[in-house]
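Below you'll find the structure, written out as structure tokens, and then a few comments.
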Amino acid sequence: MPRPDRAPRSRRGVARPVPGGLRDDAQVSQAPESRSPEGPPSGLDTTGLTSAEAARRREEHGPNEAPRAAPKSLAARVFDQLRDPMILLLLGALVVVALVGDLADAAIIAAVVVLNTVIGVVQEVRAANAIAALDKLAAPHATVVRDGRFVRVAAPDVVPGDVVRLEAGDVVPADATLAEAAGMQVDESAMTGESVPVDVLTGGEVLSGTVVTRGRGRAVVTRTGAESGLGRIAALIASTATRPTPLQQRLARLSRQLVVLALALSALVFVLGVLRGQDALPTLVLAVSLAVAAIPESLPAVVSVALALGAYRMARHSALVRWLPAVETLGSVTVLASDKTGTLTEGQMVAQRLWTPFAEWSFSGRGYGVEGALQRYDDRSADPAEPVDADDAVGSDLLLRDLVLCNDARLGGPTDGAWTVVGDPMEAALLVAAAKRDPRLLDLPEAWTREAEVPFDSLLQRMVTLHRAPDPDGSWLVVCKGAPEVVLDLLPPGPSVDAARAAADRYALAGLRVLAVADAVHHRPPAEDALERGLALRGLVALVDPARPDARKVIEECRAAGIRTILITGDHPRTARAIADELGITADGGEVSDGAAVARGEHVDRVEHIAVYARTRPEQKVDIVSAWQQHGAVVAMTGDGVNDAPALRSADIGVAMGDRGTEVARQAADLVLADDDLRTVVRAVGEGRRIYRNIRTFLRYGLAGGLAEVLVILIGPFLGMPVPLAPGQILWINMLTHGLPGVAFGGEPLDPAVMTRPSPSPDRSVLADGLARQIVVAGSLIAVVSLVAGLVVPSGDQSQTAVFLCLGLAQLGVALAVRAPRQGLALRSRGLELAVAGAALLQVLGAVWSPLQDLLGTTDLALDSTLWLVLLAAVPGVLVRFADRVIEARARVRA
């Protein structure tokens, strides 16, 4: 370090030495005045490239962009969706119905097929969007040496061998090795998850997509494009397969079962009809119609409406659903895997404790907000004591003075109640702490001019600054700030130093980041080798990335809903354990593991015993998620950084922070929280469970109706009704009962009870928990009253009309009966009420209105018969409702 009286002036008007080897002039052909102490690494060419050589290398290595897979054609995506068994059956029915000239029903079936296909195709676009977002994260331009001069080029034009100039605020355009570095720090949180910027020295590596927060340097590019760290993450995202959602798995199993059943019943009806001497073609149409009747073809529409309404409700709570099935998937989640920085914590370093040999202090307020104050802290109480007394705060004020002077960050504003930060976030947190005591402390650097400095780096583990005091005596102040084990070793031993070591250990065990501060006053400028002589302890400051105010409550609500929360982070195990303990993640005694154990595969067998994963890399997060999935868990992953993107993609549902999150994370996620509020995750869980329950309710209603139609057609001929229902009548009933009422089920409100019990296993059938039995009971009751109606009305055509009217109305009555028990018949959902009323009116018109009679083949019924049939049709709904009330009462007694 040069003598203070010879130091050149900086742009701030403060004398300081120029970092070795780093110059601002454009010409670089001449050797710089000096270099970093270590010099450039051996074998590293720092002369830069010619334009011709750069062009050749770009041709050889390709552009510096994230790798892209060949886009899948639209036809291939459509074909994948059409291979579903239920869709294939509907397509077969569509062909048969179209051949017989029923274009209206053919159009309905075609619309269902198209809707299913569109939903599936949209899902496949997500991976392409996630990779495209990596281009937005990369630096759009870079300053490189070409033909002996610094020039700005587009980031895709950076090639291996380029010499790149890096300064505070720059995004690193590619992986590179530092040839020169002066006080340089890089924020790698987006790549590694660590919340604190890391020091980088000459010979060290910087990764593409990271941000320089302090210092300057020159680096030689080593890897670009697909070979860079950012490119490898892009490849990892592209190679990560998306598992079907729990709902898709359950419905896929159900569709296969229904298809087999429908085909068997159709074949049985066709064979019996031919054996009874009926014409083959009408019998075939009847058999196909029966197959359509056995399948709730409006189920995809019900699911789509339910998911769309859920997405709409989520959007009203600042959550963007990028993939509709994600809403339902959250309802099935059993494990919530969360990163730490910016998700469970605020992502802002905050000074929490101030320690001097005379007292201990705490800071109120949060983040970079202007609100807050310095207060005495009593170790015997969790609450701060009385406000600061001026006479009692001399030691703390001198410590805060030193923290302001030995600091390279700057605060702007304040605006909207918070300071804006320029520079290292940890140093900015020290300035915010000083401002909470007295904003005038921020003006001290103007009076205490900095004349020289030793920049902080990971080798020295400290920063030293020399200041000219504003007093007339012309004294000089040396401030030393750094790691406690380094700074305290510079001090003479004594009780104060021992107490400081004990306090630093206590803070470190609590997961806090600790800095020690010492200073010395000189009457003349000290020599360079004497800067650290005569230092006296000033105190300690402990910082933390604080937990979000609502994080603990969210975790408790997840636990109440049967969801386990685990922490996955790149931070040190001690820091990770501290935040996990604070938030209650380890309340059930979960263990702490690390990336090394994950790399050895030790986590796979013990995954259910581990609550915290520290020091993890991006690919290890994917391994952790996969291990939980192998144990049958439905995993939701929250995150905000590039390092979270592969895990967000591989999880059953990815949840990204929209405010602080990177574009890559948002594109890889299924759900984006625009306000970064974790409570939205709990709301989404409720929405998902509401949707799953509504789908089960519709299945109970829809499959019961289909079963009733099958029973009527199979049993009717044995009771003297040759054709209980015509094909057109079956399709009409399905259109009314599975149409508007079915879709209205998707908007049924939430039953609060679903948030007090665990979600069902994805391996469990959607018809489990007694639903299959309920379907059989309801379907049998509907079939019985319909057959009774056909037997009581004497005439053949009138008998068929009676069956038609009673069968349709009975199904609509069951629609009202199978709603959530707590809703009762009060009809909390106006949509379902209107849908049932409209469908009932159309069903009656189909039996009594002549234009529809001609279309459906029905005939007039006597008025008294019509009224009697309406009353008869209400019987199944009343009985189903009564049975549900009895079952609910018994469940309350057992509870």
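Sequential numbering from 1, following the chain as shown.
From the backbone N, Cα and C atoms, a Cβ is placed for every residue, glycine too.
TrEMBL entries are annotated by machine, without manual review.
Note that the structure is a prediction, hence the values are computed from the model and not measured.
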Worksheet item: For the record in TrEMBL, which of the ranges 90-110, 258-278 is the transmembrane segment one?
Response: 258-278
Response to the item:
Quick tally over 258-278, 799-819, 831-849, 861-882 of CB pairs under 8 Å to the transmembrane segment (731-750) gives the top stretch as 831-849
Practice prompt. Using a Cβ-Cβ cut-off of under 8 Å, list the residues of the same chain that are 6+ residues beyond the ends of the transmembrane segment (698-719) and lie near it.
Written response: 254, 265, 268-269, 272, 276, 286, 290, 293-296, 298-299, 302, 725, 730, 733-734, 737-738, 741-742, 745-746, 766-767, 771, 774-776, 778-780, 782-783, 786-787, 790-791, 803, 807, 810-811, 814-815, 818
Discussion item. Across the compositional bias 'Basic and acidic residues' (54-63), what are the DSSP residue counts per state (helix, strand, coil)?
Written reply: 8 helix, 0 strand, 2 coil
Discussion item. Quick test of the contact rule: Cβ under 8 Å, at least six residues beyond the ends. What residues does that give for the transmembrane segment (771-793)?
Written reply: 696, 699-701, 703-708, 711-712, 715-716, 719-721, 724, 765, 799-803, 805-807, 810-811, 814, 818, 861, 865, 869, 872-873, 875-876, 879-880, 883
